[in-house]
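Below you'll find the structure, written out as structure tokens, and then a few comments.
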Amino acid sequence: MVFPIKWSKPPMAHRQHLRRLLSSAAARAAAQIPAWRVPMSSGTSAQSARIRELARLGRLLEAREVFDAMPDHDIIAWKSMIFAYCNNGMPDAARSLADMISGGNLRTGTILLSGYARAGRVRDARRVFDEMPVRNTVAWNAMVTCYVQNGDITLARRLFDAMPSRDVSSWNTMLTGYCHSRQMVDARNLFQKMPERNMVSWTVMISGYILIEQHGKAWDMFRTMHYEGVPPEQPNLVSVLSAISHLGNLNILESIHALVHKTGFERDVVIGTAILNVYTRGVSMLDTAVKFFEGMIERNEYTWSTMIAALSQSGRIDDAIAIYQRDPLKSVPSRTAMLTGLARCGRINLARTLFDQIPRPNIVSWNAMITGYMQNEMVDEAEELFNRMPFRNTISWAGMIAGYAQNARSEEALVLLQVLHRKGMLPSLSSLTSSFFACSNIEALETGKQVHSLAVKAGCQFNSYVCNSLITMYAKCRHIGFVRQIFDRMEVKDTVSYNSYITALVQNSMLEEARDTFNKMPSRDVVSWTTIISAYAQVDQGNEAVEIFRSMLQDHTLPSSPILTILLGVGGNLGASKLGQQIHTVAVKLGMDSGLIVANALISMYFKCVSEDSLKIFHSMEERDIFTWNTVITGYAQHGLGREAIGVYRQMESAGVLPNEVTFVGLLHACSHSGLVDEGRKFFKSMSSDYGLTPLLEHYACMVDLLGRAGDVQGAEQFIYDMPIEPDAVIWSALLGACKIHKNVEISRRAAEKLFSIEPSNAGNYVMLSNIYSSQGMWDEVAKVRKLMKEQGVNKEPGCSWMQIKNRMHSFVTGDEEHEQIHDIYATLRELYTLLKATGYVPDTEFVLHDIDEEQKESSLMYHSEKLAVAYGLLVTPKGLPIQIMKNLRICGDCHTFIKFVSHVTKREIDIRDGNRFHHFRDGNCSCGDFW
């Protein structure tokens, strides 16, 4: 395997020779032990047990040394060593050892087959199966299990049907395959045909329904078993308790609790722990869980660790510590649960102290500590611990590779994959999927193709997890052809597969095909709905997103927090306050309104819809994060309330919350829209001097806008030339906008030239320069700009305004002739013009870009989209009711003056959100103070 990147020296240099040493050991064994039929037993059980123990700990080198040191090898020793290799992801080494046994052995062949199956190498497993001279039912079952484990249910059923004889395990294996692949109709049909059922059969069916989240059917299956007189046993009691945990029905829990007592399982610590787990699933039942825990007759290490984990996961870390301190054994699982909880809540140093106190940490503890470091973005510490591990399993490697990928160190993730491969070990499914994620992060298409080849070599290229990751990777790398190829060739497509494919299509701007695929899905989960709703929201098709949401509710699928957040964003962007209020109501009914993500989205939506409810929500929040504060600061900035934004920032400082880059973008915008030049300069300087934040292009653009709006156009231009980074189009556009406000023709030419070079297809830049020329009567220059636009094939974006009246959106474009009441709107406008002129309104014709007479200019100004929207609002809403309008472009000066007069004469509150900020017109004045 060759990667087109430079590989650094791998970690754990002192164990780089593991494969070489194992190979040498194998060679020595081959020299010492000729191919023979080994005795069934030669009294080597102690050494075989030692081999199995070392293998369990992942210490294969030591296990092989014990094996090689044995004077005689019976079949138990051979099987133990072969199993050790298979169970640690080294089936090829197991195969080499198995080949030393003359004539093979049915049991070792089955172990080897299962080892290849566990590694996802289906073809190698089938090769072992086909080469077996004799096959019993166990071998057939192992091969069926291989297909089942790797998601190929079609071949599993074909082999099952070809079996010369079957036992109940054969039926259960096929049943498991259907259940794992979520084909519960086929599973039910097979279950009903079974000539004999055992407890495993019932348990598998219950678990299958749990897998597809049909927990009611799982409970029904258990009741059917009970009615048929089959006494429950520990496994299916544990399974049905898992279903009950999702039903949220305390009556059912009480009935199963009574059955546990009736059948004599009340002292069974495993079942007791399962009941405890039901209580811990809901935060609202956590106190009940603690009460049940306190009343348990027997507790084991998993009872304690379950209680500790539940408390820590719900944020009650101090209560978790209190339970841990009472644990008389403080077993490794309890310690591991405690350090996991500490790491999750950011107390990583305490977690490390606890880890260091474990006398003999097992591999789960090592992996948990490494995961904790990765969760806290302490990658170097995780790496140091990984290098110190006395032994590793596939989870250790997978955890490190995933940690690198998730912490923006994707190249190192791929380096570690190479190290794993060089050690002769094929990566686990988790390592492969994390590697594909790493390739996605850095869009490393060629490297991704080679990791794909490694998946093929491992024989798991058709595994659903691998395929889903491949779809995501190739989509991020913009290789939609490979995406389609993989999806079409998948033999088993689950909901995750469809979701991945839909996401891939959306990322590649193929919305129609994505919708078609969504409509054809055999079943959908909340992720499916989230993906398609988000897709329509992202392309500004908010109405369609809302319609899909309604379909989702009709489908009896409860929305998640991300869906509510997306729809609140749609309501805010459209200025559709009633839609936002409806989504708010849904959030309240589902108990999601107090969650941080939804609460932050509510604040943003209400700010955009000009509602004071934004501040009510903010003040009622018990918990706030940096996004909360940033949302309020940005909201005030959009409304031109600079002093208020600064006041919230001071509150944030007092609360001990550190600002980030977004905070300062909001503050600088607020200062810019309020003319607070000195304050803006101080904040810009504070970024780096007080908080060590490097200003980004957005911050420089805000400063140019701040200086330019305040009239220092030359200073703004010099600021750009003094920047340590290359200015982008946003920065030059801010300068050009300042030139328009202050009619600076000379600097506007220079700024426009830069913009025409950077983004020659942006019509707004040409229009802005043309506005500057027309305001100075420079009609020849206006003509030149228009000619340049024509040569470049650039068309001006039409002005559009919209408003919501009685749950319906009404939109208007300049010179609109399409609206159903357009004649009434025009008549209202003409009446307004007559009335306003009598009170002192004079149309400002400098905003007309054509060299025509004054009367034509006035007529042109009359039909701007925001004026049409204002007239319609006055026409159809009761007197005194506020009018809210959205506009895609910046409001022109004449419309701004016109609406000030309208608000004075009609005594209406008029709010307009243009492409730049909010304008609140009250009694002839605007909140912007004519500074926008």
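Numbers run from 1 along the shown chain.
Every residue gets a Cβ built from N, Cα and C, even glycine.
TrEMBL labels come from automatic prediction, so no person has curated them.
Database features (TrEMBL):
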- 105-139: repeat 'PPR' (REPEAT)
- 167-201: repeat 'PPR' (REPEAT)
- 300-334: repeat 'PPR' (REPEAT)
- 362-396: repeat 'PPR' (REPEAT)
- 494-524: repeat 'PPR' (REPEAT)
- 525-559: repeat 'PPR' (REPEAT)
- 625-659: repeat 'PPR' (REPEAT)
- 660-695: repeat 'PPR' (REPEAT)
- 840-932: domain 'DYW' (DOMAIN)
Residue distribution over DSSP helix, strand and coil in the repeat 'PPR' (625-659): 26 helix, 0 strand, 9 coil
Counts of helix, strand and coil residues, the repeat 'PPR' (167-201), according to DSSP: 26 helix, 0 strand, 9 coil
Residues in the repeat 'PPR' (362-396) grouped by DSSP into helix, strand and remaining coil: 26 helix, 0 strand, 9 coil
Cβ contacts under 8 Å made by the repeat 'PPR' (167-201) with residues that lie 6+ beyond its boundaries: 137-138, 140-141, 144-145, 147-148, 151, 153, 156-157, 160, 207-209, 211-212, 214, 217, 230, 233, 235-236, 492, 494-495, 523
Structural state census, the repeat 'PPR' (525-559) (DSSP three-state): 26 helix, 0 strand, 9 coil
Within the repeat 'PPR' (494-524), residues counted as helix, strand or coil by DSSP: 23 helix, 0 strand, 8 coil
Mean of the pLDDT scores, which run from 0 to 100, over the repeat 'PPR' (105-139): 83
